[in-house]
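Participant: First the structure, which I've put down as structure tokens, then a few questions once you've had a look.
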Amino acid sequence: MASFVIEGGCRMSGEIIPQGAKNEALQVICAVLLTPEKVTIANVPDILDVNNLIQLLRDMQVKVERLSLDTYAFQADNVDLDYLKTEDFVRKSASLRGSVMIVGPLLARFGKAVLPKPGGDKIGRRRLDTHFTGIQKLGATFTYNQDAQLYEIEAKRLKGAYMLLDEASVTGTANILMAAVLAEGTTTIYNAACEPYLQQLSKMLIQMGADISGVGSNLLTIQGVESLKGANHLILPDMIEVGSFIGMAAMTGSDITIKNTGFDMLGIIPESFRRLGITVEQQGDDIHIPTHDSYEIDTFIDGSIMTIADAPWPGLTPDLLSVFLVVATQAVGSVLIHQKMFESRLFFVDKLIDMGAQIILCDPHRATVIGLGNRYKLRGATMVSPDIRAGIALLIAAMSAEGTSRIHNIDQIDRGYQNIDKRLNSIGARITRL
Ligand SMILES: CC(=O)N[C@H]1[C@@H](OP(=O)(O)OP(=O)(O)OC[C@H]2O[C@@H](n3ccc(=O)[nH]c3=O)[C@H](O)[C@@H]2O)O[C@H](CO)[C@@H](O)[C@@H]1O
Ligand SMILES: C=C(OP(=O)(O)O)C(=O)O
């Protein structure tokens, strides 16, 4: 497994362009299975998860053409459904979470799909109930094949239905939506997730001929259509990467401009960083983070310690809480980080404590951070990245620390951040990939 060696204390300056959004890419690439026509997708991030999904489609005989570094044309006019029965398919599906979202499109278009255990971060229970119940409501049957360890799913023709999701699952909503666009009649999805990823997926599906209303809300109404056509789609900048750069800049005392951030789609993210005391200057669609010698965490209006907690969109994405946590370690003041959605995403704080951070892990979901302000710097350390977002948080810690750090298992970072070492080194970081 590759590692990063990071020389701490280097300030960055200059401009950085965020990659395309990982979680949107995973959705819209699955959606190409809904039509035999050509779908062209631009701003596709060159990251492990996305490349693994594209390979999975290639293995299913989807024609994939790389038109430029970040633009692909897909044509699913001759899909090999037998591939879904192979061990190779099961193994590859387990390498990423996004693979679960081929079920909706396959079922809608071909009446059958299989669902092996998907991959993704090991950050606590990651149940698929919402996917199952939603797709069952559309009339599909699930049969567990013990030998192959996968579900076989069938439906002659999906039928629209009303459903109130048990939770606003991101990939669950995408899967059900992609199934419903070709179902017969009307589907209503209440308590739908409405992250920008889903708004963008809906936008692409509408361009393909789907009839969807309520986009951006938690109530989606879909009138099924007979077939869908090709489309051209542009993926938004990755809001998690934008947030990671904001935190990284503040904590390393860097002066950077994050270009083309898709600011209007960042929701509560910029304001949440401002509440940590970070100056986030909007300049058109760019974000400028000036050099911070210190930043002070806000309190609630009554003076009590602030909580930063995740919530379904338009609440704060759980994928940035690790970044908020690490950035708070060098702030003036205290904050409670409450990761409500996942129960194993905060254990990486042990590594930060080893580096000198003052953190009390209250329970698997909550950590209190007592900011060190300018009093002490973190110390360099050797660490292993447990998941993608803990990985970037540890990288930020290492970049701000005194001395040299090593992070092992950086595949976990590469899963979601494109050429991160090269891009950061080009504006002044010192990261070596071994
Ligand atoms: C490939 C992809 O797109 N992955 C994202 C997707 O994963 P994914 O779609 O797998 O995550 P879900 O939205 O299904 O749920 C995530 C977790 O949050 C819990 N939950 C969810 C909704 C809710 O209202 N209450 C609640 O507690 C679930 O029980 C689960 O433990 O969404 C997550 C939540 O934003 C992100 O962390 C992942 O990066
Ligand atoms: C948890 C994440 O990804 P995945 O769902 O692919 O594991 C993430 O992107 O932070």
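For all residues, glycine too, the Cβ spot is worked out from N, Cα and C.
Copying in the features that TrEMBL gives for the protein in this structure:
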- 7-422: domain 'Enolpyruvate transferase' (DOMAIN)
- LYS22, ASN23: phosphoenolpyruvate binding site (BINDING)
- ARG97, ASP319, MET341: UDP-N-acetyl-alpha-D-glucosamine binding site (BINDING)
- ASP121: active site, proton donor (ACT_SITE)
- 184-217: repeat 'ANK' (REPEAT)
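Are these features on the surface or tucked inside, and what touches them?
Facilitator: Mean pLDDT, taken over the domain 'Enolpyruvate transferase' (7-422), works out to 96 on the 0 to 100 scale.
Just so you know, the Cβ of ASN23 (phosphoenolpyruvate binding site) picks up 25 other Cβ atoms within 10 Å once every protein chain is counted.
Within the same chain, residues at least six positions away from ASP319 (UDP-N-acetyl-alpha-D-glucosamine binding site) with a Cβ under 8 Å of its Cβ are ILE240, ARG389.
The C-beta environment of ASP121 (active site, proton donor), restricted to residues of the same chain at least 6 apart in sequence and closer than 8 Å, consists of ARG97, ARG345, ASP387, ILE388, ARG389, GLN412.
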Participant: Under a threshold of 6 Å between Cβ and any atom of ligand 1, which of the recorded positions LYS22, ASN23, ASP121, ASP319, MET341 are retained?
Facilitator: ASN23, ASP319, MET341
Participant: Filtering ARG97, ASP121, ASP319, MET341 (recorded positions) by proximity to ligand 2: which pass a Cβ cutoff of under 6 Å to any of its atoms?
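Facilitator: The recorded positions passing the 6 Å Cβ test are ARG97, ASP121, ASP319.
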Participant: Sort out for me which one of LYS22, ARG97 has the most neighbouring CB atoms within 10 A, since those are the binding-site residues we care about.
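Facilitator: Result for the most crowded candidate: LYS22.
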Participant: Taking only the residues the record lists as binding UDP-N-acetyl-alpha-D-glucosamine, namely ARG97, ASP319, MET341, what is the largest Cα to Cα distance between any two of them, in Å to the nearest whole number?
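Facilitator: Those residues reach a largest Cα separation of 16 Å.
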Participant: In Å, rounded, how far does the Cα of ASN23 (phosphoenolpyruvate binding site) sit from the Cα of MET341 (UDP-N-acetyl-alpha-D-glucosamine binding site)?
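Facilitator: Just about 17 Å between their Cα atoms.
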Participant: Do you know offhand how many angstrom separate LYS22 (phosphoenolpyruvate binding site) and MET341 (UDP-N-acetyl-alpha-D-glucosamine binding site) by C-alpha?
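Facilitator: Cα-Cα, rounded: 19 Å.
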